[in-house]
Amino acid sequence: MISLSLSNFIKTILNIQDNNISFPEEDYCHVIQKGNYLIKLFKGFLKDNCCACPHCNSKNIVKNGSRERNIKFIPFQNYNIELNLTVQRHICKDCKSLFSFN
């Protein structure tokens with residue numbers, strides 16, 4: 001029998017192959033209703049592997065908050081499936097550009 005962590009189990013169910021995405025152990029899924037639709041909303045985090053600015057290649061970057069992205073999956077068992085992914089934002093101190101990694 002294969003033992004999966006909760007994070008790996010959710011990634012397997014949603015067919016997510018990015019190793020930088022993780023899910024919290026608690027409060028990882030909510031069922032909400034929008035109009036006539038039931039939505040299973042999963043909460044995930046994208047770990048940042050930030051090394052350099054994609055615009056000027058400078059390594060002089062700092063964290064600059066985060067933003068949330070909503071990703072929709074195909075419906076499953078009468079639920080619409082969505083992933084609310086929190087992504088770290090960065091700012092380059094040299095060229096002043098804002099960016100986040102996908």
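Note: Cβ is positioned from N, Cα and C throughout, glycine not excepted.
What TrEMBL records for 52-95 is domain 'Transposase IS204/IS1001/IS1096/IS1165 zinc-finger'. Same-chain neighbours of the domain 'Transposase IS204/IS1001/IS1096/IS1165 zinc-finger' (52-95): 14, 16, 21, 31, 37-46, 101-102, counting only residues six or more beyond its ends whose CB sits under 8 Å from a CB of the stretch.
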- request: Provide the three-state DSSP residue tally for the domain 'Transposase IS204/IS1001/IS1096/IS1165 zinc-finger' (52-95): helix first, then strand, then coil.
  value: 0 helix, 30 strand, 14 coil
